[in-house]
Structure formats: C-alpha cells, structure tokens
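Worksheet for the structure shown next.
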C-alpha cells in the first residue's frame with residue numbers, strides 16, 4: 001500500500017510537470033513546427049538519458065535484447081500516434097474540444113486493461129473516471145458539440161495514449177525502467193522525425209530566428225530533461241506499483257495543472273464552469289485513491305497479445 005501511495009504521488013508529480021510545461025510548449029510551437037519540436041525534444045532527451053546510463057547504469061544497457069527493443073518501439077509508436085492524431089485533429093477542431101476528447105483516455109484505459117491485462121473493473125475507479133470525464137467536459141467544452149473529422153482524429157489520439165498507459169502496465173514489470181524509457185523516447189523521437197520530414201519544413205530548425213529564440217531553447221531544455229527523460233523513467237519505474245486505470249486518472253489532472261500554470265504565468269482566467277471542472281477532475285482522482293488500494297498492479301509477466 002505504501003508503494004502504491006508513493007507511486008501515485010510520483011505520477012502526480014510527473015503530471016504536474018507535463019501540465020506546467022504546456023505554456024512553454026504552446027509558445028515554442030508558434031516558432032517551430034510541432035513534429036520538428038517533438039523530434040528534437042525526444043531525440044535530445046534520449047541522448048541525455050543514454051549518456052546518463054553510460055556513466056551510472058551501464059549494466060542496464062547491456063541487458064537490452066530484441067524483446068526490449070520491440071517493447072520500447074511499441075510504446076514509442078503509440079506515444080507518437082497520440083501526438084500525431086492530435087496534431088492533425090487540431091487542423092479541423094477547436095483546442096477546447098481536442099483537450100476534452102484527449103482526456104477521454106481515462107475512460108478507455110479501464111476497458112483496455114481488462115482486455116489486455118485481465119485486470120478487473122473496480123467500481124471506485126469507474127466512478128472516478130466518470131467524474132473526471134464530467135470535469136474535463138466542464139473545463140474544456142463550449143456550446144459547440146458538433147462532431148467532425150478532427151474530433152474523430154483526436155479520439156484516436158485518446159485511444160493511442162490509453163494504449164501507451166496500458167502497455168507500460170504490461171512492460172514495466174519486465175524491464176529496467178531506464179532502458180525501457182530510453183527506447184520508448186528514442187523511437188518516439190524517430191517517428192516524429194519521420195513526421196517532420198513528411199509534413200513539415202525541418203530546415204526551420206537551422207534558422208537563426210529559431211535557434212536563438214529563448215522560448216524555444218527553454219522549452220526544449222525543460223521539456224527534454226524534466227517532461228521527457230525524467231518523466232518517462234518515473235512512469236516506467238513507478239506505474240508497476242499501481243494500475244493503468246489509476247495512472248490514467250492521475251494523468252487526467254494535467255489540464256488542471258496547465259490551467260493553473262496559465263493563470264499564474266500568462267494571466268489566463270478561469271470562469272466558474274472551468275473551476276468546477278478542475279474540482280471534479282481532482283475529485284475523480286480522489287475517488288480512486290479513497291476507494292482503497294486493493295486493485296493490484298500488473299506485477300507478473302503476461303503472455304503477449306500484441
């Protein structure tokens with residue numbers, strides 16, 4: 001139980017970092033195209049993590065085998081797919097609707113965990129997911145509830161993120177957290193680099209206006225170190241002591257931290273509906289926490305179905 005509480009607390013810290021860096025990323029991609037930014041962010045993070053392991057965790061590097069390469073590639077692929085579907089979806093839908101639909105990963109995770117990990121559906125987790133979803137709707141949605149192709153693309157983004165969380169629940173107990181995170185980050189960077197070459201002008205990276213833009217430099221440094229290398233090592237290390245469903249609920253608080261950061265950093269105001277939405281997201285997370293820690297994490301290897 002103590003390990004679960006610690007794991008949930010660490011994952012909440014990871015979520016805070018992701019939410020707090022949202023303003024930085026938003027400003028940076030006004031200068032650098034999104035796939036290019038993500039490619040540089042993830043590949044730089046992979047390089048930093050590799051160098052760290054070379055000096056402090058070399059034994060873990062020696063343990064990389066074919067199955068670990070595959071597991072890291074699968075995690076990197078679904079993480080990239082989430083970014084890609086969201087990026088294309090935003091071409092056709094609003095940011096508020098995209099934020100809500102992306103948050104629906106909290107609904108998909110329990111059912112994917114039931115199917116892929118044979119983890120039972122817990123009443124408190126389902127209740128928490130429902131409350132958090134209502135909170136996401138209040139925080140993100142406006143009166144425009146029409147559905148278009150962009151919404152469907154962002155829905156695929158939510159499913160991709162849900163699959164990434166569930167697969168971490170499968171792979172994390174099997175492998176060293178550093179090596180699994182290293183390969184996941186590396187492959188996500190490679191896939192984003194391919195996306196950049198296909199859909200963007202990657203030469204913009206070498207423009208002086210971009211290279212010396214303080215927002216871009218700070219965003220890349222902070223996101224590469226804290227929001228990528230440290231964050232994904234932490235997820236791989238600590239999610240094994242909790243469940244994918246609880247992880248998804250914790251990750252659903254990201255827009256709350258993003259909204260708070262935007263308020264204090266950029267002066268963006270929240271109306272009453274959005275404040276209530278934030279409170280419901282937090283309440284949904286608490287439902288899962290106060291409901292007990294009897295839902296067991298995936299601690300043993302399971303036969304692969306992917």
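The backbone N, Cα and C atoms fix where each Cβ goes, and this holds for glycine too.
Residues annotated as domain 'EamA' in TrEMBL: 8-140 (among others).
TrEMBL lists 35-56 (among others) with the feature transmembrane segment. Among residues of the same chain six or more beyond the transmembrane segment (35-56), those with a C-beta under 8 A of the stretch's C-beta atoms are 25, 28-29, 83-84, 87, 178-179, 181-182, 185-186, 188-190, 192-193, 195-196, 199-200, 202, 204-205, 216, 219-220, 223-225, 228-229, 233.
The transmembrane segment annotation in TrEMBL covers 68-86 (among others).
Sequence-distant contacts of the transmembrane segment (98-117) (same chain, six or more residues past either end, CB-CB distance under 8 Å): 82, 86, 89-90, 125-126, 129, 132-133, 136-137, 139-141, 150-151, 154-155, 157-159, 161-163, 165-167, 169-170, 243-245, 247-249, 251-252, 255, 284, 298, 302, 305-306. What TrEMBL lists as transmembrane segment is 98-117 (among others).
Taken from TrEMBL, the feature transmembrane segment covers 124-141 (among others). Here the transmembrane segment (124-141) has Cβ contacts under 8 Å with residues 96-97, 99-100, 103-104, 106-107, 109-110, 243, 245-246, 248-249, 252, 255-256, 259, 273-274, 276-288, 290-292, 295 of the same chain, all six or more residues outside its ends.
Residues or ranges marked as transmembrane segment by TrEMBL: 147-168 (among others). Sequence-distant neighbours of the transmembrane segment (147-168) (same chain, 6+ residues past either end, Cβ-Cβ under 8 Å): 71, 74-75, 78-79, 81-86, 88-93, 97-98, 101-105, 108-109, 112-113, 116-117, 235-236, 239, 244, 247-248, 251, 306.
Secondary structure counts, DSSP: the domain 'EamA' (149-287) has 120 helix, 0 strand, 19 coil. Residues annotated as domain 'EamA' in TrEMBL: 149-287 (among others).
Annotation comment: TrEMBL describes 175-195 (among others) as transmembrane segment.
What TrEMBL records for 215-234 (among others) is transmembrane segment.
Annotated transmembrane segment per TrEMBL: 246-266 (among others), in sequence order.
Same-chain residues lying 6+ beyond the ends of the transmembrane segment (215-234) with a Cβ under 8 Å from its Cβ atoms: 10-11, 13-14, 17-18, 21, 24-25, 27-28, 31-32, 37, 40-42, 44-46, 48-49, 52, 177-178, 181, 184-185. Same-chain neighbours of the transmembrane segment (68-86): 34-35, 38, 98, 102, 153-154, 156-158, 160-161, 163-164, 167-168, 171, 174-175, 179-180, 182-192, 195, 306, counting only residues six or more beyond its ends whose CB sits under 8 Å from a CB of the stretch. In the domain 'EamA' (8-140), the DSSP tally of helix, strand and coil residues is 112 helix, 0 strand, 21 coil.
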